[in-house]
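Reviewing the structure listed below.
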């Protein structure tokens, strides 16, 4: 049974292998060129220090030359799970129904459950290998740039967060099983591919918007509301504002406006005193620290994995109900 599925999926596997080799080769070439550029501009010591310690024309020119390229690499990692769902998952069962080859499998001694499980595993492994390998090689490229690349924005910057950790694996499982479910349910390849892409993008957008609510934030408070809070290294700011003398959040912006410069009125020189006079006793920020990024990765991945399990169960139901 495994050999039959392998023969059926061989064109897809060959395409994945060629695509992976080309993608990895391109990233490695870009990485080598970038490292040579760092050395030529004498910026190797700035990889760990960032722009704060290495401001200058050379650093700015390096970022202008390479920053967008690294973002493209991250974007391709983000796109890979969707491609696996659309081109590997969606046609897996839908094409069988369109071509009528499912009838042959159903009339053999092999059970439908074994047929499904074999196809699922044989196709899933290459898809996951592709995504994981490409993710790792892109991450090595970003690590080589260090604080001069996208990693300087912190672990919660959307392209960085979604392209590292277990997230790409969870997205791939979600997209792949979604494609299998839509293919088994609608039995039309193009319909399954279209629905897979649309639902995948919609769910990703919705869950990325509520990601910050998956973990309890830490509140930082400053007794001097006139000065910005020191947030540390790359946290995710969930909410910020001011507190009154009782520690309650000040929702009205009018007190803040009373201390702003307006027209010909004298400029307020003691902002801290003005803020407190208008009821703004403290400033605050609810943040998720950078060291909790891995926890947030696991929480989000558990949601996508749970959805993947539901899609697998849905696909089993859809196949079993076929005559």
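Positions of Cβ are set from backbone N, Cα and C atoms, glycine also.
As annotated by TrEMBL, transmembrane segment applies to 12-33, 76-94, 115-136, 156-178, 190-210, 301-319.
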Taking 76-94, 115-136, 301-319 as candidates, which has the most Cβ pairs under 8 Å with the transmembrane segment (190-210)?
76-94
Of 76-94, 115-136, 156-178, whichever stretch has the most CB pairs under 8 A to the transmembrane segment (301-319):
156-178
